[in-house]
Amino acid sequence: MQRLFFPPLKAVMGSPCLRLLIPGAAPRTQRGCSCGIRRPLRPGQYSTISEVALQPGRGTVSHPSKAAERVVGRWLLVCSGTVAGAVILGGVTRLTESGLSMVDWHLIKEMKPPTSQEEWEAEFQKYQQFPEFKILNHDMTLAEFKFIWYMEYSHRMWGRLVGLTYILPAAYFWRKGWLTHGLKGRVLALCGLVCFQGLLGWYMVKSGLAEKPDSHDIPRVSQYRLAAHLGSALVLYCASLWTSLSLLLPQHKLPETRQLLRLRRFAHGTAGLVFLTALSGAFVAGLDAGLVYNSFPKMGESWIPEDLFTFSPLLRNVFENPTMVQFDHRILGITSVAAITALYFLSRRIPLPRRTKIAAVTLLALAYTQVGLGISTLLMYVPTPLAATHQSGSLAVLSVALWLMNELRRVPK
């Protein structure tokens, strides 16, 4: 009875099934079988969990080195710079009314500009078939057309450069294993957003090329599509810059006090407000709302103009009434400066690292500079150099707001 329920240990150890669970209990040629059939294993094949675990380098997840992270961070910083250049160049293209000069879109074909007189004449004839020439530029010469064509061409070629700056290094870093699992998803999203941005740009241009028989207004692109185009570019810029700063700047180990939590939340809200103010500038540009009331602080002779609610239903005024659009942009700008000022004084009440203090002071200085640029642009009837500087200033304020947010981010446990 005892032998039935408790067989000798030697007999148990000799069982071919149990030998599979014990590394080294049998020669390699005798492993790999659970029913007495002995088959040799292929090279690199292991019969037990213990053998796999004992192999050097197996079961461990490799992480990119700090040097690789810095390289990826610098790459994303360059990418965000190219996006900023595209936003600025797009703003100048809009200010010079050049965005509708190229009336078709080809990914490869349009990369070669016209070279001969015949090619330029053919390009000009295509432009003459669309509303902007018929209504606004019917007396334009070929030399004037070349200027606006090259402006739009530069913007499109810069957009292709942005795409290459993202996609080619991303493929290289992915192959080299320099991207963490979380960073891979973010890089894929950024590359996808770059491609979407190009398609959205042509979708915006098409709105200005369409014939509108019932409208007597000058041809322009839809302010909604312009805002979508700018908004997606700002999202791409912010995401790239934030990821770059997170990889390049060492994180501060700040004590998680109630004051710091309040400051962090206020910084997030202020950055969101700055983003919204910059986005509202797309509606100002799309409707030429900067030319409606060129006075400050009042709009004309009153603080609140009478034609704020001209359109019906009332919600249309927010997006389609130039007076309301300029009024909203003013209010958002003033509110952003007030929030940045409050954020600066809140930061003074907390002991912060030197780099964080520099970010707060820089944000305050840029905000007031941006207000001065905006007022000057308005009073001088939107001259192109000053208006382009004002648009660039909004990117600078947004950048430093992101920098300050990054300085205050929570240390992961």
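Quick reminder: no glycine exception, Cβ is built from N, Cα and C everywhere.
Just so you know, TrEMBL annotations never went through curation; they're auto-generated.
As given in TrEMBL:
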TRANSMEM  75-95  transmembrane segment
TRANSMEM  157-175  transmembrane segment
TRANSMEM  187-205  transmembrane segment
TRANSMEM  225-249  transmembrane segment
TRANSMEM  270-293  transmembrane segment
TRANSMEM  329-346  transmembrane segment
TRANSMEM  358-382  transmembrane segment
TRANSMEM  388-405  transmembrane segment
Residues outside the transmembrane segment (187-205) whose C-beta sits under 8 Å from one of its C-beta atoms, at least 6 past its ends, are 79, 99-100, 102, 105, 156, 159-160, 162-163, 166-167, 170, 173-174, 179, 221-222, 225-226, 228-229, 232-233, 235-236, 239-240
Do at least three CB pairs under 8 A connect the transmembrane segment (388-405) and the transmembrane segment (270-293), leaving out pairs fewer than 6 apart in sequence? yes
Ranked by Cβ pairs within a distance under 8 Å of the transmembrane segment (225-249), the first of 75-95, 157-175, 358-382 is 75-95
Lying 6 or more residues past either end of the transmembrane segment (388-405) yet within Cβ distance under 8 Å of it, the residues of that chain are 84, 87-88, 91-92, 95, 234, 237-238, 241-242, 245, 264, 267-268, 270-271, 274-275, 277-278, 281, 336, 340, 343, 356, 359-360, 362-363, 366-367, 369-370, 373-374, 376-377
Outside the transmembrane segment (358-382), at least 6 residues beyond either end, the same-chain residues with a Cβ under 8 Å of its Cβ set are 95, 290-291, 293-296, 333-334, 336-337, 340-341, 343-344, 347, 352, 389-390, 393-394, 396-397, 400-401, 403-404, 407
